[in-house]
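Right, one structure below, let's go through it.
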Amino acid sequence: MSVAVPLSQMDVDDESLPNSWSSNDREGMPSYSGQNTAHKKKYYPSTIKFFGVDLSPDNVAVAMVYFVQGVLALARLAVSFYLKDDLHLDPAETAVVSGFSAFPWLVKPLYGFISDSVPLFGYRRRSYLILSGLLGALSWALMATFVDSKYGAAFCILLGSLSVAFSDVVVDSMVVERARGESQSMSGSLQSLCWGSSAFGGIVSSYFSGSLVEAYGVRFVFGVTALLPLITSLVAVLVKEQPVRGLNRPSANYAFLRSSRKHVVELWGAVRQRNVFLPTLFIFLWQATPQSDSAMFFFTTNKLGFTPEFLGRVKFVTSIASLIGVGLYNGFLKKVPLRKIFLVTTIFGCALGMSQVLLVTGINREWGISDEWFAIGDSLVITVLGQASFMPVLVLAAKLCPEGMEATLFATLMSISNGGSLLGGLIGAGLTQMLGVTRDSFDNLSTLIILCNLSSLLPLPLLRLLPQESPDSSLLETTDVELKSN
């Protein structure tokens with residue numbers, strides 16, 4: 001079980017991009033990530049602060065978008081039970097179908113290009129947030145009504161993930177605009193606000209996810225979840241953005257194609273720089289280690305008899321653990337060198353992940369620890385460790401974004417990391433199939449767990465690819481720093 005946080009959402013970077021993007025280099029380029037009149041407007045601080053961040057209407061909208069991303073976990077448990085019990089899939093098939101949710105996160109730079117260059121109904125941010133919310137509502141509505149095959153489920157999972165990924169890119173660019181030129185501590189505060197909002201949404205949803213599945217069934221949960229993305233559409237009205245007027249559509253399309261080609265070239269020039277490429281390569285490999293999560297879900301439900309309500313309580317605990325991880329980083333780890341964070345958390349994560357072997361073999365019961373309490377404690381500690389190790393990845397990735405294409409470059413880095421996570425899931429599915437772990441056979445599950453955990457140590461010899469100094473040191477020496485949140 002890898003310490004890496006899935007998904008959701010991941011990427012890396014390291015030292016700030018050298019200030020090689022002169023004004024002449026950007027001449028003729030379109031306004032990216034709010035480099036228009038919307039970006040130049042002044043944001044007046046509010047009197048209320050949270051995590052050290054002013055709760056202006058724009059920041060409230062950002063926090064709410066992340067809250068929605070967290071609260072959408074309401075359907076995660078329902079999807080797992082739907083694939084297992086209603087569609088009767090095996091662990092390897094479940095891992096592959098669930099992996100479809102990662103594909104929209106692999107092309108996040110495309111969303112950055114679209115949002116930055118193609119105003120929809122005159123807006124570059126607000127309109128796309130509204131559209132993303134409607135798309136997410138449609139995907140879960142289909143799951144609640146018409147879907148009855150693994151192909152339909154994979155399509156809806158893909159559609160729902162697309163809505164979250166697009167809104168994530170849009171809100172990322174908004175955060176960049178508000179965080180430009182701030183200190184590392186402020187960057188950490190912004191990261192903490194975003195992740196804290198997401199974790200709070202996860203707490204709210206996880207508390208009810210299992211009990212709702214057990215009481216009303218998966219279709220009901222899908223129906224309730226269909227209402228949640230609409231929150232993103234509603235809070236979009238809080239975004240203060242000047243409309244883009246008077247665009248000539250043919251000339252705008254030509255300008256978009258021309259500028260897109262130009263920015264692809266410039267994007268590649270930025271990514272291939274040594275201080276960007278090497279840390280990104282490490283994070284890709286760090287995320288690409290195999291996972292045994294699907295196999296463990298089948299074991300805990302089919303073999304140990306864990307109910308949906310209990311698994312919901314486990315998710316509730318892990319959501320709280322995510323907040324603890326955010327607080328741990330925000331309070332103690334902001335200035336710790338990245339190499340040290342990765343080294344310590346990976347080794348401890350590998351050791352703690354091995355504890356699942358005790359659950360599979362039943363040794364915990366011989367020690368007088370019930371399966372339920374052992375599962376809760378194991379999940380809590382691993383989640384705290386994983387969240388604390390992932391926070392600096394986001395902060396460092398934000399530092400690489402040059403002015404003019406914040407959403408695009410950051411999304412590229414995140415896509416690379418997400419690609420590693422997807423690869424790790426597919427490798428885990430292949431190992432599950434190869435070892436013969438099915439919905440009813442768990443003889444080789446211990447071997448699968450050991451292999452997955454040991455593989456998390458493989459990237460450690462490549463730690464030298466990361467910057468040696470603490471995150472703050474290079475940041476303080478850089479004048480053009482771009483900070484943003486995942």
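Quick reminder: no glycine exception, Cβ is built from N, Cα and C everywhere.
The structure displayed is predicted, hence computed values, not measured ones.
TrEMBL lists transmembrane segment for one of the ranges 192-210, 249-267, namely 192-210. At the 8 Å Cβ cutoff, the transmembrane segment (341-361) and the transmembrane segment (445-466) share at least 3 close pairs (sequence separation 6 or more) and count as touching.
As a quick check, the transmembrane segment (310-329) and the transmembrane segment (60-83) clear the bar of 3 or more Cβ pairs under 8 A, pairs 6 or more apart, so the two touch. By the count of Cβ pairs under 8 Å, the stretch nearest in packing to the transmembrane segment (60-83) among 126-146, 152-171, 192-210, 445-466 is 192-210.
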